[in-house]
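Enquirer: Got these off TrEMBL a minute ago, pasting:
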ACT_SITE  E1220  active site, proton acceptor
BINDING   C44, C49, C52, C74  [2Fe-2S] cluster 1 binding site
BINDING   C114, C117, C149, C151  [2Fe-2S] cluster 2 binding site
BINDING   I241, V242, M243, G244, N245, T246, S247, V248, D317, L361, R379  FAD binding site
BINDING   Q726, F757, R870, G1037  Mo-molybdopterin binding site
BINDING   F872  substrate binding site
DOMAIN    5-92  domain '2Fe-2S ferredoxin-type'
DOMAIN    263-371  domain 'FAD-binding PCMH-type'
Amino acid sequence: MDGAAELVFCVNGRKVIEKNVDPETMLLPYLRKKLQLTGTKYGCGGGGCGACTVMISRYNPITKRIRHYPANACLLPICSLHGAAVTTVEGVGSTKARIHPVQERIAKCHGTQCGFCTPGMVMSIYTLLRNHPEPTLDQLTDALGGNLCRCTGYRPIIDACKTFCKVSRHERIIDPKLFSEEEFLPLDPTQELIFPPELMIMAEKQPQRTRVFVGDRMTWISPVTLKELLEAKVKYPQAPIVMGNTSVGINHTALFTNDFILGLTLGAGLSLAQVKEILKTQTYHALLKHLGTLAGCQIRNMASLGGHIVSRHLDSDLNPLLAVGNCTLNLLSKEGERQIPLNEQFLTKCPSADLKPGEILVSVNIPYSRKWEFVSAFRQAQRQQNALAIVNSGMRVFFGEGGGIIRELSIAYGGVGPTTICAKNSCQKLIGRPWNEEMLDAACRLILDEVSLPGWAPGGKVEFKRTLLISFFFKFYLKVSQILKTMDPVRYPGLADKYESALEDLHSRNHWGTSKYQDVDPKQLPQDPIGRPIMHLSGIKHTTGEAIYCDDMPVLDGELFLAFVTSSRAHAEIVSIDLSEALSLPGVVDIVTEEDLRGVNSFGLFGEPEKLLETQEVSCVGQLVCAVVADSEVQAKRAAKRVKIVYQDLEPVILTIEEAIRHHSFFQGERKLEYGNVDEAFKVVDQILEGEIHMGGQEHFYMETQSMLAVPKGEDQEMDVYVSSQFPKYIQDIVAATLKVPANKIMCHVKRVGGAFGGKVTKTGVYLSCFFFCFRHGCPVRCILERGEDMLITGGRHPYLGKYKAGFMNDGRILALDVEHYCNGGSTLDESLFVIEIGLLKVDNAYKFPNLRFRGWACRTNLPSNTALRGFGFPQSGLITENCITEVAAKCGLSPEKVRMMNMYKEIDQTPYKQEIDATNLIQCWKECMATSSYSLRKVAVEKFNSENYWKKKGLAMVPLKFPVGVLSTAAAQAAALVHIYLDGSVLVTHGGIEMGQGVHTKMIQVASRELRMPMSNVHLRGTSTETVPNANVSGGSLVADLNGLAVKDACQTLLKRLEPIISKNPKGTWKDWVRIAAFDESISLSATGYFRGYESHMNWETGEGHPFEYFVFGAACSEVEIDCLTGAHKNIRTDIVMDIGHSINPALDVGQIEGAFIQGMGLYTIEELKYSPQGVLYTRGPDQYKIPAVSDVPTELHVSFLPPSQNSNTLYSSKGLGEPGVFLGCSVFFAIHDAVRAARQERGLLGPLKLDSPLTPEKIRMACEDKFTKMIPRDEPGSYVPWNIPV
C-alpha cells in the first residue's frame, strides 16, 4: 500500500489533483471553500434536504458504460471520488456562458422563491434527464423525492419539469398566461458535458492500486481488489467498510470499496438504486415497493445494500423483508468463503451468527419464491416518501401444496426494538393452522404477546406501534386471501367487497393543477408590468447557483469562525465552566462568556430584555452559555464540545402549557376582548358545548440556516455586517449598543435571505458575540448555525391550547362564545404577548358571533423561546374556532359547511373590536369555491365511497378565511426608499424591505417601471442596507411590498414631477436625453427619497376597541383526502383555493405565495411534529426527525383562482399582502381528515364526541379509527412509566 496517495477526479470537466487529503473532508465544504463553487448549498448536513445535490459520473471499464447518479455532497468523503466526475450546478449552465433548459424552465415557470433549494432541485432533474431525456411523471416525482422546498409548495417546480415529460395534454394543464412552452430552449443531450476522456483512459489503462489517505484522526484505505480488501480487514478488523457513507460517524480507519458482483445474487456493493433497477426484471415486488419510498433518490444512489444490511438499524426497511425471505449472506475472509443466514441471530448481532472481524459481506442471496409462497412488505412513516419508518414489516407464508394450511410462516418488524425483531414463537405456533379468521385472531394475540413494547420505548408512539404490528398482519392476511382466491376460486371464498380497498395504495402520485389569474386591463400600456406574471428578479441566478447568500461570500484574510456552547439542562444553576481544554486546542483564539459582555449582555424588542449569554442560571436546553472563535469552522466546533459545564438542577421544570397553568407561570397578565353579553346569551341558547384542542408548534425550517459575517473596516470603529435577517435595523441597533459605538458606524447589509418565515426577526440577535469578537480582535468573524443547532436555539411557532364554550341554537347559529387561549412562549418573552394579541383579534375568523369573550395568556416555560412564524397566532386561533364550529355542527346533525355559512359575516358589519368590515368578497370567495370545487357533487361521491369501503375513507372539508392585515401601529408600518437616476438613464432602487423569496424586489422594480414609465430592464436593485435606507421596519406581516412599494412610488413620483417640464418639451426623447438635460442644464437633482408614514392603526385593550388593521384578505379552500384506517396514512387528493387579492401586482408571485403558504400550513396541521423529552430536550433537530411536506405530499390536484380585481384606494395599486393568509387554509386538509375519521367511527358505531389535536399525524388518525385491533392492544396505565416524549 502506497503512503501519500494521489486523489484524481474532475469537477465540471476540470481535473482536480489532491495530495495529503484529510479523509474527514466532505465534498460539500471542499466545493464551497476550496473551489469557491458556492452554488451547492448547505441545508442540513445529513442528506435529508437535497440542497447539496450534485451529479456523480463513473465509468465502468468492463461494461464501457457511464453511470450518472445524484448524490448528497454533505455526505460524500472526497477520498471516495477517485476517478469520478462531479458536476455541480455551475457546470450545468450559467448566465456567463449559457443556461441549461432545466435552469431556464424552473425559473420561467416561477419555480423559485427564496432560491436556496433551487440548485439542488436543478441537479436532481438534470441527473434524471442525463439518464432519461424524456422521463415519465413517476420518474420525475421519484427524482425530486429527496429534495425539500419550504417556499414554493412544489407545484411550479413540478410544472417546469413536466415540460420534459412525455405526457398527454390532460396531464399537463398549465395556465398559458403563466409561461409559453414554445419559447423554451430545447433539451439537446449532445450539448451536455462529456465524461472526461482522461478519467476514461485512467480507468482503462492505468494499473489500479490501493490508495491510502492519512488525516489527523482518521486513515482512509481504498483497496482495489478483494484480496487487498481482505488484507486490510485483517490489519484493521474494527474499521468499517464505507460505501455510501450515509450512516458512518468518525472512525479512526475506514475502508472504501467499489461495486462487486452482479446477478440474481445481489452484490453487497450495489447501491440501493441499482438494486431497485435489477429488481424491476424480477418478481421481487415487495422489495421494490420498499425501495420506492426508502430515503430520497440521492441516498438510494449512495447507500449500498451491504451497508444497509450490516448496519442493522432498528428501522431498516429491507432487513425485515430479507430476514423473512430466507436470504443468505455470502462472506469472504482470508480463511475463505462461508454463508450465514440473514436471520434473527444475525440481526441481534449474536457473535456466533455475525461477521467475524476479518470478514466482509460480498453478496446477498435472495431465493426465488415458490408456488403457494407469498411475501409482502409494509411500512408506515410520518411522511409518504423520504422518511424513516415508524414501524415496518416483512411477512412470508408458504402453504406447501396448497390447501390453505400454513407450512412456513415468518414475520419480522423494524422500529419496535433495538434492531429488527422476528416473531418466531408466534409463527411456530401458527404452523399447521388453516388461513382463516380464527388464525388471524390468534396470530394478532400471539404477536402482541411476543413483540412487547414498553410504554417508555424510544421513539414514543407506543400504542400506535402496537396497533401497526397487528394492522400490518391483517393487511397481509387480506392480501394472501385475495391471491388464494384468484389461484383457486372454488376453495377460497375471497374478501368482502368493502375490504378490498384495504390492499390498494392511496391515490396516484402524478400531480396536475390550474391557476386562474386576473386579466390585465386591455387599456394598460404594453410596457406597464403591473398585473403581469413577471419572473422573479433572481430566478435565473437561483437556478444557476449565481445568487449569493450570506455564507457564499468568499473567506476573508484572517477570518475567524464562531461556534456556540449551549445549555444541556432545562432549568439549572451553572456551578462551574471549565474552558481550559477548549482553549488548548490548536486554532482556538478566544472564548467569550457573560463576564466579557458585562453591561451589554442583554437585548430585546418587546419590553423584557433577553440575556445573550448565561453563565449563572439557565432556563432552557439550548440557551447560549458561551461562544468560541477559532481559525476554522471545524476547530471552533470541536472546541465548543470540549467546554465542560457542571450544573445543579433546579425546580420546577415547566415544559407544558398545562404545567404553566398549574404554576401560574405567565408573562404579564391576561389579554381580553369582549363583545355583547356572553353570560346573558348562554341563558337563551338551545345547547351549550364545551371543548378544547391542543396544537403543536412548528419549526420555521428556512432552507438557509441563521448566517452572519462581521467585517471590521479598520478605522473609526466602523463595521460592515452581512446577515440573513428580516430586520437589519435591529441588528444595527444591538451591535451599536453592545460595542458602545454610534449606529452610524455599523452598516448592516442583506442581499437576500434563503427563507425566513418570521424566524429571522429577533432570533438573529444570537450573533451579538460575533460582533464582540470582531471588535475585540479586529478581524472578520463568520457564524453559520448547523441545522440541529438552529432548530434547538431559535424556537418556532407557539404551541397552543384552546378551550371554548359555545352556546348555540339547534339550527347551528352560535349566539355565545367564550374562548381561552394559552400559548407556550418558552423561557423569554420575545413576541409571545404580541402573538396572543393578534390571535385574539383574529379569532373570529370569518364569523359574526353576537356575544363573545376572548381571553389569552402567554405561558412562561423552560423551553427555548418561541417566536414569530408565518401567520403569527392566526393559524392557531383560527383552528380553535373552526374546531368549535365542527363540533357544533356534529351536535346539530348538520354539515360543518352549513354551520360555517350560517355564522359568516354578511356584507357590511362590525368586528368584535368595532372595526367596520365589508364581507362581500368573503361570501363571493365561499360561493365560488363551492362552485369550482363541485363541492355538492363530490360530497355525494365521498359518502358513496365511504359506504362501499370499510378500511379506506374519504373526507371533504371547506373552510373560509378572513385575514386582517396590519401591525397594530402606524409607526410600525412606515417605510422609506431611495431612488437614483444616472446619466445614462438607468435607475437604482433601494428600499427597506428584505427579499426572502416573496419577490419584493421584483415588485419594487415593477413599481418603478410603471411610475417612471420605463422598461424594467432599465431598473436595478442591489439589496437592502442600513447605509441607504435607515431605520427600516421589520419585513413581515404580509406588508413588505405594500409599504415599501408606496415609498418607492413616492420617490419615483417626486423624480417624475421634477423632470416633467423637461419631458414635456421633448416627449419623444429618451431617458438618457432627459436626465442629461436635467442634470447639467437645469441643475435638477436625480436622487429622491420616498416615504410612507404607515397605515392609520390603533388598538385600545382597555376598551377592546380600535382600528388595528388596514384591510382584510378573504379566501376559501376545499380539500379532499383519503385515509387508510389501518395505518393512519393519508393522501391529499385535491384542493381548490379561491382568494380575494385585490388587484394583483404580479400574479405569478402571488399564486406562489398562496400555494407555498398552503403547503406550509398543511404541514403544520398534519405531519410537522416537534418532540421534546420529559427533561426539555428537543429530539427533532433535522430533516431526519422533523418532516416538512415533500413533493409527494402535494395534493394530486391543486387549483388556485383569484376573484376579479377589486379597488382599495389606500393600498399599492389596490393590491393585498398574501405572504401569510394561505397558511391557515392548510387546515382544510385537517378538517377533511377529521371528516374521514368521523365517517370511519360512525360506521363502527362510535357516535360520541371526536377530539383530534393538531398535527393530525398518522398516529392520531390510526388511533382515532378505533376497531378490533386498537381494542386488542395492551394499554399502559398513565403514571406507571416515564414517556419518551411529552406534548408541550
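If you go along the chain as it appears here, the first residue is 1 and each next one adds 1.
Including glycine, each Cβ sits where the backbone N, Cα and C put it.
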Enquirer: Excluding C114, C117, C149, C151, please set out which residues of the same chain place their CB within 8 Å of the center of the CB atoms of the [2Fe-2S] cluster 2 site, keeping sequence order.
Expert: T112, Q113, G115, F116, T118, R150, T152, M703, G754, G755, G997, G1156
Enquirer: What average pLDDT does the predicted model assign to the domain 'FAD-binding PCMH-type' (263-371)?
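Expert: Taking every residue in the domain 'FAD-binding PCMH-type' (263-371) and averaging pLDDT yields 83.
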Enquirer: Determine which residues of this chain, when C44, C49, C52, C74 are set aside, have a Cβ within 8 Å of the centroid of the [2Fe-2S] cluster 1 site's Cβ atoms, and list them as they appear in the sequence.
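Expert: Leaving out the recorded residues gives L28, K41, Y42, G43, G45, G46, G47, G48, G50, A51, N72, A73, G120, R787, P1183.
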Enquirer: Tell me which residues of the chain lie with their Cβ under 8 angstroms from that of Q726 (Mo-molybdopterin binding site), as long as they are six or more apart in sequence?
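Expert: Counting only residues 6 or more apart in sequence, the Cβ neighbours of Q726 (Mo-molybdopterin binding site) under 8 Å are V753, A756, G758, K760, V761, T764, I994, M996, V1034, S1035, G1036.
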Enquirer: Taking the Cβ of N245 (FAD binding site) as the centre, count every other Cβ atom within 10 Å, in any protein chain shown.
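Expert: Taking all protein chains shown, N245 (FAD binding site) has 24 Cβ neighbours within 10 Å.
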Enquirer: CA-CA, which of the binding-site residues C117, C149, I241, D317, G1037 lies nearest C74 ([2Fe-2S] cluster 1 binding site)?
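Expert: Ranked by Cα distance from C74 ([2Fe-2S] cluster 1 binding site), first place goes to C117.
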Enquirer: Please determine which of the binding-site residues listed here (C49, C74) has the lowest count of neighbouring CB atoms within 10 Å.
Expert: C74
Enquirer: Once the chains shown are all counted, how many other Cβ atoms turn up within 10 Å of the Cβ of C52 ([2Fe-2S] cluster 1 binding site)?
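Expert: I get 28 for this one.
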Enquirer: Could you give me three numbers for the domain 'FAD-binding PCMH-type' (263-371), the DSSP helix, strand and coil residue counts?
Expert: 43 helix, 23 strand, 43 coil
Enquirer: Compare the C-alpha of N245 (FAD binding site) with the C-alpha of each of the binding-site residues C52, C114, C151, F872, G1037, and give the closest one.
Expert: C52
Enquirer: Which of the binding-site residues C114, C149, R870, F872 has its Cα closest in space to the Cα of D317 (FAD binding site)?
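Expert: Going through C114, C149, R870, F872 one by one, the Cα closest to that of D317 (FAD binding site) is C149.
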Enquirer: Rounded to a whole angstrom, what is the C-alpha distance between F757 (Mo-molybdopterin binding site) and C44 ([2Fe-2S] cluster 1 binding site)?
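Expert: Cα to Cα, F757 (Mo-molybdopterin binding site) and C44 ([2Fe-2S] cluster 1 binding site) are separated by 18 Å.
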Enquirer: Whole-number Å distance between the CA of C49 ([2Fe-2S] cluster 1 binding site) and the CA of E1220 (active site, proton acceptor)?
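Expert: Approximately 24 Å lies between the Cα of C49 ([2Fe-2S] cluster 1 binding site) and that of E1220 (active site, proton acceptor).
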Enquirer: What is the interatomic distance between the Cα atoms of C149 ([2Fe-2S] cluster 2 binding site) and R379 (FAD binding site), given in whole Å?
Expert: 25
Enquirer: Which of C117, C149, M243 has the fewest nearby Cβ atoms, counting only those within 10 Å, among these binding-site residues?
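Expert: Minimum Cβ neighbour count within 10 Å, taken over the binding-site residues C117, C149, M243, occurs at M243.
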Enquirer: Who sits close to R379 (FAD binding site): which same-chain residues at least 6 apart have their Cβ under 8 Å from its Cβ?
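Expert: Long-range Cβ contacts: H290, T293, D317, A389, V391, N392, S393.
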